[in-house]
């Protein structure tokens, strides 16, 4: 049966049954190795097409089919990045996933990725705001410490000036005393 034959069968069957009959047809044609050599398995959100080809060993390993991707836009081989392929399709291509992903699954994953990116941006903004607030508090504490240090130094300087002034008053001769009396004034005896 050809591709046109499958289309005519699918047009006779309701849509929900057409999808299942198409997958049944693909399974039967794979087992019997009739029809096209490669089958379109699905597409991703960037419209890349994923194909499944029969295994090279044929009947020796029918479960290990070859899986390839046809990129939407042609690129040089050096321009391909493995991270451009959705992780679900990558798992299917490596045979770690048995069923190909659906568009709904890819859309849910894309929404999840966007939510994670949004949450990361929110957390980054919160961290930045916290760092700025912490820096502002540190600067305020530093300014307070400088102000307190300046006040302490001013009080100490005033204390030393006052002490110096008192010391000068007691050591300096009064105006009524003469220089000789001040110099030869005996100190009281101790003892």
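Glycine residues also receive a Cβ, built from the backbone N, Cα and C atoms like all the rest.
In TrEMBL, annotation is done automatically, which means it is predicted and not curated.
When TrEMBL is compared with the stretches 66-114, 115-163, the one noted as coiled coil is 115-163. On the 0 to 100 pLDDT scale, the model's mean across the coiled coil (115-163) is 95.
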